[in-house]
Amino acid sequence: MPEVEDTCFLTSPITVCRTKHLHLRCSVDFSSRALTGIAALTIQSQEDNLRSLVLDTKALTIEKVVINGQEVKYALGERQSYKGSPMEISLPIALSKNQEVVIEISFETSPKSSALQWLTPEQTSGKEHPYLFSQCQAIHCRAVLPCQDTPSVKLTYTAEVSVPKELVALMSAVRDGETPDPEDPSRKIYKFNQKVPIPCYLIALVVGALESRKIGPRTLVWSEKEQVEKSAYEFSETESMLKIAEDLGGPYVWGQYDLLVLPPSFPYGGMENPCLTFVTPTLLAGDKSLSNVIAHEISHSWTGNLVTNKTWDHFWLNEGHTVYLERHICGRLFGEKFRHFHALGGWGELQNTIKTFGETHPFTKLVVDLTDVDPDVAYSSVPYEKGFALLFHLEQLLGGPEVFLGFLKAYVERFSYKSITTDDWKNFLYSHFKDKVDILNQVDWNAWLYSPGLPPVKPNYDMTLTNACIALSQRWITAKEEDLNTFNATDLKDLSTHQVNEFLAQVLQQAPLPLGHVKRMQEVYNFNAVNNSEIRFRWLRLCIQSKWEEAIPLALKMATEQGRMKFTRPLFKDLAAFDKSHDQAIRTYQAHKASMHPVTAMLVGKDLKVD
């Protein structure tokens, strides 16, 4: 493979210049829904005689650009759809190789910035104060500030953020104090420092009426006060997960590991913003059963945040390794059979995704080609679960979990603070297992890495915990009408929450069931009363796919009350595919679109073919 090119950004490539540091001074204005401020970028030339450079921007208003106290010329290029507009800056004097320059750019964000969601007080739990959060992954940092918006560039950052004094600002950095705003007594300035170099997709900001509880020696959980106790209980295992992760990955270099529980419109399960993981409130099940998402985000502190994919084509390097670590953490906590149970559940998710895309779809390849493709549109479970399956398969080929964890720790050590490609990973795998090259050569690398569809080999899974889920799902799938009275509530008595969820996942793979079956399932198991978001999601999909009209309002409610795309997109798709709810689904989307997260609104619109 030739040297990879990042096709998602418009900025000068890393062979021309590299951003080393950002100092951000900005003010958050809820009335105009804008961040206004100055981004001071320390940029190092990578070549001699550098006279100009290009940064990524998206829907930004640029007021001026200053170098050494002097305004300099700049030009904003044409908007290129999802990529935004290139911004070319002329340097007053040519730079030689390794010379640095500080470029101060005065900017303002758009109220429609794809990186930011501005919530009205009514959209928060407290109903009193507005709320702002950012989501920069994959290529939305450019919609917050001008930058080299590529994961191949890593920088440190410091920030000073002015907000209304009744609110709290947090960033993906260590908190560095707060002071009254000297320019406005009704405002406060919060300061931050991120000393570890990070790709700019990990720059994050939240502003809201936030409170915190200490849940570990290096962990506070933050949320609005209405959720803070519940969150502290739900995520109490965080420190034990961190300790296991350090044992598997090496020292935790980030200092603090805080958690932030966001309002329901947050589009992902979690986002691994350093020092401050963002998570969806749909994890608040009340029984810690969805804490694997925390294990996942913790694992990113090594795979993703220390060792980073060089371009989004290689996103599986971030996610496959992180799922692999996540499942080892859960295995240490709950047993090896539990690790296999989740691994097999993940294979099922991969099957579903490939079925949805179609088995020849290019997005089902592990290494994708994102030339002229918005990474948000390509996003799916493939990099997570196909990536995990490859690593799990290699674990089984190369001598088991301990052997492969040895490789993983060495891999993190070798590539920490770097951005790498699949070839870098593969070359290191071969050098680490140099005595097992014969085994590695048996792997069909082309099929695994570059071919669409299911992987060429299915790993071996311990079935102990899955068998009961399969058995019960088969009873329902094969039941005739006269068999329905053989089901009762005790069917679930010996199943864990995870197994009930897997039972529904198994039924859903064979859906639709006859409507009478689904009605009987509600009679005996009362799934409508279950609040666990994963179970509720699969149950409502099953109801809609079986054309149960009574479930329509429940499914619409779940699709709009929260905005985690994993739930919202399939629910809207199922509702649109059912003739009795098709029009209502589209009307509901159109009514809620303005209050949805910008990425969610865009993707649901595409799914429903209305935008």
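Note that Cβ sites are derived from N, Cα and C of the backbone, with glycine treated the same way.
Within the same chain, residues at least 6 positions away in sequence whose Cβ sits under 8 Å from that of E297 (active site, proton acceptor) are G270, M271, E272, T277, V279. As annotated by Swiss-Prot, active site, proton acceptor applies to E297.
The annotation active site, proton donor is assigned in Swiss-Prot to Y384. Residues near Y384 (active site, proton donor) in space but far in sequence (CB under 8 A, at least 6 apart, same chain), listed by position: W316, E319, G320, T322, V323, G346.
Annotation note: M565 (peptide binding site) sits in a helical segment as assigned by DSSP. Cβ neighbours of M565 (peptide binding site) (same chain, under 8 Å, six or more residues apart in sequence): P267, Y268, V599, T600, L603. Look at Swiss-Prot and you will find Q135, C136, Q137, P267, Y268, G269, G270, M271, E272, R564, M565, K566 tagged as peptide binding site, backed by similarity to another entry.
Within 10 Å of the C-beta of E319 (Zn(2+) binding site) we count 23 further C-beta atoms, all protein chains included. Per Swiss-Prot, the feature Zn(2+) binding site maps to H296, H300, E319; the stated evidence is sequence analysis.
Under a cutoff of 8 A between CB atoms, and with a sequence separation of 6+ in the same chain, the neighbours of K73 (N6-acetyllysine) are V65, I89, S90. Taken from Swiss-Prot, the feature N6-acetyllysine applies to K73 (among others), supported by similarity to another entry.
Feature annotation from Swiss-Prot assigns N6-acetyllysine to K337 (among others); the stated evidence is similarity to another entry. Neighbour list (K337 (N6-acetyllysine), Cβ cut-off 8 Å, at least 6 residues apart, same chain): D462, T464, L465. The secondary structure of K337 (N6-acetyllysine), as reduced to three states from DSSP, is helical.
Taken from Swiss-Prot, the feature phosphoserine applies to S416, supported by similarity to another entry. Counting only same-chain residues at least 6 apart in sequence, those with a Cβ under 8 Å from the Cβ of S416 (phosphoserine) are L306, V307.
Swiss-Prot lists K573 (among others) with the feature N6-acetyllysine. A helical conformation is recorded for K573 (N6-acetyllysine) in the three-state DSSP classification. When other Cβ atoms within 10 Å of the Cβ of K573 (N6-acetyllysine) are tallied across all protein chains shown, the result is 17.
According to Swiss-Prot, the site 'Covalently modified during suicide inhibition by leukotrienes' annotation covers Y379, on the basis of similarity to another entry. Annotation note: Y379 (site 'Covalently modified during suicide inhibition by leukotrienes') sits in a coil segment as assigned by DSSP.
Q137 (peptide binding site) is surrounded by 26 other CB atoms, counting those within 10 A of its CB over all protein chains shown. As a whole number, the greatest separation of Cα atoms within the peptide-binding residue list Q135, C136, Q137, P267, Y268, G269, G270, M271, E272, R564, M565, K566 is 18 Å. According to DSSP, G270 (peptide binding site) is assigned to a strand segment. Just so you know, the Cβ of Q135 (peptide binding site) picks up 24 other Cβ atoms within 10 Å once every protein chain is counted. Q137 (peptide binding site) sits 24 Å from K573 (N6-acetyllysine), taking the C-alpha atoms as the reference points. Most buried of the recorded positions Y268, Y379, judged by other Cβ atoms within 10 Å, is Y268.
Put simply, of the binding-site residues Q135, H296, H300, the one whose Cα is nearest the Cα of K573 (N6-acetyllysine) is Q135. Cβ proximity to the Zn(2+) site centre (mean Cβ of H296, H300, E319, cutoff 8 Å) flags the following additional same-chain residues: G270, E272, E297, S299, T303, G304, N318, H321, T322, V323, L325, E326, Y384. Non-local contacts of H296 (Zn(2+) binding site) by the CB criterion (under 8 A, 6+ apart in sequence, same chain) comprise G269, G270, T322, V323, E326.
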